[in-house]
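Below you'll find the structure, written out as structure tokens, and then a few comments.
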Amino acid sequence: MTPYLVLLATVLALAALGAVTTAAAGRGAGPDERAALARWTPFDLVLLGVLVVFAGSRVGVGTDYELYAALWFRAGGDSLGAALDRSPQDPGFVALQHLLHRVGDGPEVMFWVTSAATVGAMVLALKHGTRSFPAAIFLLVALGGYLAPFNLVRQGLAAALLFLAATRYLDRRRWVFVVLVAAATAVHASALAVAVVLLVVRNVQPRPRVLAVLLAGALLAAQLYLTVPAVTRLAELLNPRYVQYVVQEEAGLGTYLVIGARLLLVLYCYLHATLLTPLERRCLVFATLGLAAQVVGTQSIAFARFDVYFALFLVVPLAGLVRAAPDRLQRAAVLGGSLVYMVLLIGNYYGLVPYRSTWWAG
């Protein structure tokens, strides 16, 4: 547990120092003040480096670490076609591994590169899409958005790419949005379905009835989940290997606790939706979809994994409220509650404890 708490304190301090630097540069800049606040500082770059090193240098951390390490060797050889035949993973990820075999012989290079791409996309999105970068970084780590890819490597990378695409390029530079969605889909086929959903609901406003409809629909879907043949047909269409995922066992108590904690945070944002910016309101709706995915996921652990795509978006409105909420007690409650959530998450999920890396024995 100690390494994660040290990491959280370190990146929060670096983000705060960066914020002080940009605030000083932006003060009195007039119309250019927002651009000045979004500039990268040396502290931001060090922060990014710390997050990448912590994730990329891990050894045996995450429940799927050994699986990815073993599958790495299937992607080698002289022929990409042969590698695609040997590996059950999505073509884009296999192609990336095949390319990285030219750089290094062991799977460590894969974890370094995927960590750099995943963390880079997350931090870039938050740097330009939040009103309080320090709060956003704190919440990224505390709420598990940064930690989930330690286990779900491919899906975590795909989620980070979609997060960047939806927060920065959904309304402008659509070609960049398309490129990022294509890259995410190549890494994990489920990303395409998520991207379509994001496009469909992008203009929905976070009103109480929206929350009620989504949760009611999720409860109904949870009841009908495995009785509808279309579920397995859709899974087979995305990737035949996914069929075995949708028929996995029901979730346990931990999933219900996560749903309860997430519901409280989402409700807090809905109650203060008038304080949110347009981007923050959009991200709140996206995050609500993640809550709905968790509800459906009570009938299949695998379906709850779709929450990885949507959970990142909750950081944006929460960080905005940390900045805008007039009540300091509310801010402290959000940050303190998130810290408690992190402690429980690390202790019970993802195979994160003990943390071991090339620089920490664990």
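Glycine residues also receive a Cβ, built from the backbone N, Cα and C atoms like all the rest.
The model shown is predicted, which means the values in this text are computed figures rather than measured ones.
What TrEMBL says about this protein:
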| type | residues | note |
| --- | --- | --- |
| SIGNAL | 1-24 | signal peptide |
| TRANSMEM | 109-126 | transmembrane segment |
| TRANSMEM | 138-163 | transmembrane segment |
| TRANSMEM | 175-201 | transmembrane segment |
| TRANSMEM | 210-231 | transmembrane segment |
| TRANSMEM | 251-271 | transmembrane segment |
| TRANSMEM | 283-302 | transmembrane segment |
| TRANSMEM | 308-325 | transmembrane segment |
| TRANSMEM | 332-352 | transmembrane segment |
Proximity verdict for the transmembrane segment (332-352) and the transmembrane segment (138-163), three or more C-beta pairs under 8 Å: yes
For the signal peptide (1-24), sequence-distant contacts whose Cβ falls under 8 Å of one of its Cβ atoms, 6 or more beyond its ends: 36-39, 41-44, 46-47, 50-51, 54, 132-134, 136-138, 141-142, 147, 339, 342-343, 346-347, 352-353, 355, 360, 362
Spatial neighbours of the transmembrane segment (175-201) far in sequence, C-beta under 8 Å, 6+ residues away: 90-93, 95-96, 154-155, 157-159, 161-162, 164-166, 168-169, 234, 238-239, 242, 285-286, 289, 306, 309-310
